[in-house]
Amino acid sequence: DSPDLSAMAGHTHARFLLACLAASILLTSQAQPATPTEVKVGFIVDAGSPVGKIATTTIPMALEDFYAAYPNSPVRVRILPHDSGGDVVAAASAALQLMTVQGARAILGPQSSVESAFVADLATQAQLPVVSFSATSPSVSPATAAFFARAALSDASQADAIAALATHFGWRRVVPIYQDDDYGAAFVPFLVDALTAERTEVPYRCALPAAALHDAIAAALLRMESEQTRVFVLHTRPELAKKVFAAAVDTGMMAEGYVWIITDGLTGLLGSVDPPQGVIGLTPYVPDTTRLRGVKKRWAHRYMRDHRDAEPAQAVMGCYALWAYDAAWAVASAAERLSSGDLSSPPGLVGGKGGPTDIAGLGKSTSGLNFLRAINSTKFDGLGGKFELVNGELAVPAFQVVNIMDNGRERGIGFWTLLHGLSRHGSNESRGELGPVIWPGDSTVRPTGWVQPTSARKLRVAVPGNVSDSYKPIVRLEVDPATNQTTASGFVIEVFEAAVRLLPYALPFEYVKAASMPYDDLVQAVGNGTFDAAVADITMTANRSNHVDFTLPYAGTAIAMLVRVRDQRSNKRTWVFLKPLRYDLWLVSAAFFLFTGFVVWAIEHRGNREFRGPASYQVGTLLYFGFSTLVFAHRETLKSNLSRFVVLVWVFVVLILQSSYTASLTSMLTVPQLEPAVADYGELQRGTEMVGVMNNSFVLRAMTASGFPQGRLVRYPNSQTIHECLLNGSIGAVVNETPYLRIFLKTYRDNFTMTGPLNKTGGFGFAFPKGSPYVTDLSQAILKLTESDEMNMIERKWFGDPNDDGATQDGGPFTSNSLSFSSFWGLFLITGATSLLCCVVHLATFVAANRRELPPHLSWKDWLSSLFKLFDDKDPSSHTFRVKDDGGAVSVRNDAVASPPIAHSELGSPLSAPYTSEWSGTASPATGEIELAAGGQERHEVAPNPDGSGENGRANQ
């Protein structure tokens, strides 16, 4: 048995070894990857150019980094390089060779926009994607070539950022200097549109050929130096830009006061441009990452190794290097995603023998289209930031604003984004701010952007020449016949020149004498180009605005009347004593006289026999007392402190009213009361007098349009004619705009006044041709001028103080107005509140003292009736009715039938004499008498009533 067991064990061991060998072979075969599919991609550049040198280093390095990051990728992109030498024909020939012979599936490049446009047309016919990392000109785009994708920023995307810089620094004029080819010329329209949208003017442009020599460039710069603008935007290739900066240094145009801005195409190649210090540049914003720093370090070593003759300053990884790196990465990523099929057959030309074939196993005739779609849909975090193509164009995240230092290095001073505009740190918190800038000439002072030009064309500003001497304070133009020198002055001229001084640039102009013509014709002359502007007292109307553009009004105007004044005292002498107080004050004063008399009567009635008696007697006393306070002639003796307080306050009010009345009446009787001879425009239109209007004034047309009879309108040439016609009665009024009437009143102020109502007009404005860029700037300058005190100084200089016109619309400086209630309502409030308070206190005291005599359980009507009867009775406890007898006792009694005359004479009032009833012929009866003895004993005697009714009878007192 043991040999058998040994044999069985040997067989088992052999089978185990065979299984292990098979597993090892299987694992080894799986570990060895299949041969990667090769995807050929053309690469067309100008190898001798700065961008070409950058690309030849960057694209192989990017592919190596991609496959190092994805070592198991089933696809390998193979670069097929071609040097176009910057020639369009060579680039087209290379593209045809790549598509027909070499089997390229896509093309990276070409380098220039002209080459890219030509190759993109061929590639669109062949359905071959073309991915450019350096063709930034807007002349070629996915919109014009379907199979073109731009992995770089279009030049048009930075136009808004440049315009924002001009607005931020207050530069209103910018001159572009560009290369005279497709690269430079295609960018200028976008720049001009962006600047115009920000109200910045492009007065001229400078186009330089690519092969321009130093002398030609210097001559062009000197021509610009003779103009006024000092802000230049340079957009050329690096070779030409280097010549421009060298010529600018030689001509002194890199000194203080100049501004140079370079586009991102030059900022990305600073080592090849060598710009002087003080230049401002734009560059795409690139986030600083650890990966970027590592790639930059390796790229610099590799660039210097590939290009032994390069300078160290050129070994800086700028925007072109970043775009080339990310473009190669995007093509490799797209190829990997389309790697599940045959990647070897070239598509061929449309209509050729082979026709389009499949790529990556996709449907026939769709290979190139799907490869393009894969490239356009590729998204990743590239070296230059987030890589994403929107409609075939690289998305614009942000631009960084940099300041070039003396060593050629850039220093960031801010950012620009489409959302936040310019900002210091790229956020909304620092919006509108930038860091400090070192300008050309080592200056830290912001350049104004302009100087007085030496050869710029001057604006021909029309000024009316034949102006009457009466209106020379408004505008005047004189021409020296010997020297032909023009001199302008007046309010309008001074305002115009002050506004021009506030412009953010120089505006050369010269005054030109305009022939005598209506202002409507002068406006049309500006509109048709005869003059560049018109500076005069031109009123802005809707009809005139159809021909020209007006600035904002520099002087507000209105249509008013000028009439003679007359003294109204002789017409209203009879009732002049009523004039000092207006009707409302008369009514309120009368009401308070009555109210005060009533309050005093109510308080004094029960305790003062001078305020007692029959109803007619009491009413007379109330009226007499109230109105006698007007002349302080009241003789009634007041017994209550409440009534004395009421009268004290009221007499104070009467004193003030009396003094005011006396002063106003004196003024009306002694001071002339002037009023306009014609009150308003309606009265003028209803009348028959002739009306004067100024020559060439739009007022004549406005009055005719309003229905005023044209036969009553008379034109006049000057102020002297107005004065004579108004004095002799030839015209009854003058209708004109307020500035002219103010000038008239400044000279003839004694007998005339300006009256309304005022009809507002558009005001005076400066006229410019339609679409003139100066209108907006001058309007802003006029606003600044109006907000300052300078405009008031100019007006006072030419028109005098508006408060010193001598006559105003209210009838002149001598008019005395009636006093109204509004001037004294505070006094009436005080005396009214005092009287009311004292009356309430007296009534409350009365009710409290007599509450026991009012029977309870009465209806409110009976209760009020009882209360009124009690109020009408004497107050027996009042000290007024207490008299001393001979024994020294004090007696409180009611009046007897015939009271002793001496008792009444003590009161001192003529109205307090004994009263005898008119219908009974007897003296007023007494109800009884109470005597208080000195010892405190009380004796009550009742006098018999005259009618014999006994003690229940009462006299009506």
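Glycine too: its Cβ is placed from the backbone N, Cα and C atoms.
Per TrEMBL, the feature signal peptide maps to 1-31.
The domain 'Solute-binding protein family 3/N-terminal' annotation in TrEMBL covers 458-802.
Summarised as a single figure, the pLDDT of the domain 'Ionotropic glutamate receptor C-terminal' (458-801) averages 83. The domain 'Ionotropic glutamate receptor C-terminal' annotation in TrEMBL covers 458-801.
Away from its own ends, the transmembrane segment (547-565) comes close to residues 491-492, 495-496, 499, 523-524, 526-527, 534, 537-540, 674-678, 680-681, 684, 699, 702, 722, 726-727, 732-739, 741, 744-745, 751-756, 758-772, 775, 778-779, 782-783, 785-786, 791, 807, 809, 811-812 of its chain (Cβ-Cβ under 8 Å, at least six residues beyond either end). Per TrEMBL, the feature transmembrane segment maps to 547-565 (among others).
Taken from TrEMBL, the feature transmembrane segment covers 585-603 (among others).
Marked as transmembrane segment by TrEMBL: 615-633 (among others). Outside the transmembrane segment (615-633), and at least 6 residues removed from its termini, the chain residues within Cβ reach (under 8 Å) are 593-594, 596-598, 600-601, 605, 647, 650-651, 654, 658, 911, 915.
Annotated transmembrane segment per TrEMBL: 645-663 (among others), in sequence order. Sequence-distant contacts of the transmembrane segment (645-663) (same chain, six or more residues past either end, CB-CB distance under 8 Å): 580-581, 589, 592, 596, 599-600, 603, 629-630, 632, 634, 638, 819, 823-824, 827-828, 830-831, 834-835, 838.
Sequence-distant contacts of the transmembrane segment (824-849), counting only residues of its own chain at least 6 positions beyond either end whose CB sits under 8 Å from a CB of the stretch, comprise 585, 588, 592, 595-596, 599, 602-603, 606, 640, 642-643, 645-646, 649-650, 652-653, 656-657, 660, 867, 870-871. Per TrEMBL, the feature transmembrane segment maps to 824-849 (among others).
Residues or ranges marked as region 'Disordered' by TrEMBL: 901-957.
Feature annotation from TrEMBL assigns compositional bias 'Polar residues' to 914-925.
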